[in-house]
């Protein structure tokens, strides 16, 4: 029986690279591309099938920044499949990034230059917005939409006799200082992306505590510093092109400078081959590239309090109840 792999954000960047790499290793997979843009998804499917004709590739339209779209897409997935072996929670946004050029140049000549390059801490803020669901856009897109997707797909994911895996695309930018249980959506702060990624790490721990006994395991990874549409929103592409030689040189000291989506997907592919029971839920697995261009995976212990993770999970469940009620009322106005 073909293994079924569902990937959100599969039409570009790391998600697209992941699709190609998985099929290159096992073209007997059934990939399901969960994408917002159907035309782009169809183009990706055609390209993948042209190079891997024995594979199966299907498409589900899904916008993780819309609860209605997630629920509708999940229903379509449940009609197509009886189980999911892997769910890659990869879609995400970094909207309206504000780059602090002064802090960047100061950082280059400081002892924190490596930390700055790998986390963007201190040089990057974002202007968030509110979705039609009344939630902060970064929070809903990067975390809550995926949480609802997991909840909707539980019947396909929870099989104690044959474990399924959740694999989240997180970030080194995930910082405890940018997250608060009193403001889980980071509506009052300047770094919603960092907050959403730390929330991802928390949820990963809570999901393992609550679902391992049901045969569902969760892991988080960091792709490193990758050139994608997301990073092109921070600086123009030509600036990144000028920075490439510096980044290649720095790889001898900073293995997080993976640069290409192919390299950035290394940990995603590595996790695909691991027995989920053997993985540490408190470890973030990071894609790394050596100065000589060799890809490998490193493990980093996360700064996570398990009780906080459980409290966050409970807050998400309460938010789910509230938001579902609101959406149902909008679907059926009196």
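Each Cβ is built from the backbone N, Cα and C atoms, and glycine gets one as well.
Looking at 188-208, 209-229, 230-250, 251-271, the stretch flagged in Swiss-Prot as transmembrane segment turns out to be 230-250. Local packing around the Cβ, expressed as the count of other Cβ atoms within 10 angstroms, is greatest for 8 among the recorded positions 8, 12, 37, 127. In this structure, of the recorded positions 11, 178, the smallest number of CB atoms within 10 A of the CB marks 178. DSSP assigns residue 8 (NAD(+) binding site) to a strand in the three-state reduction. Spacing of residue 193 (active site, proton acceptor) relative to residue 178 (N-linked glycosylation site) is 9 Å (Cα to Cα, whole number). Summarised by DSSP class, the composition of the topological domain 'Cytoplasmic' (251-334) is 40 helix, 15 strand, 29 coil.
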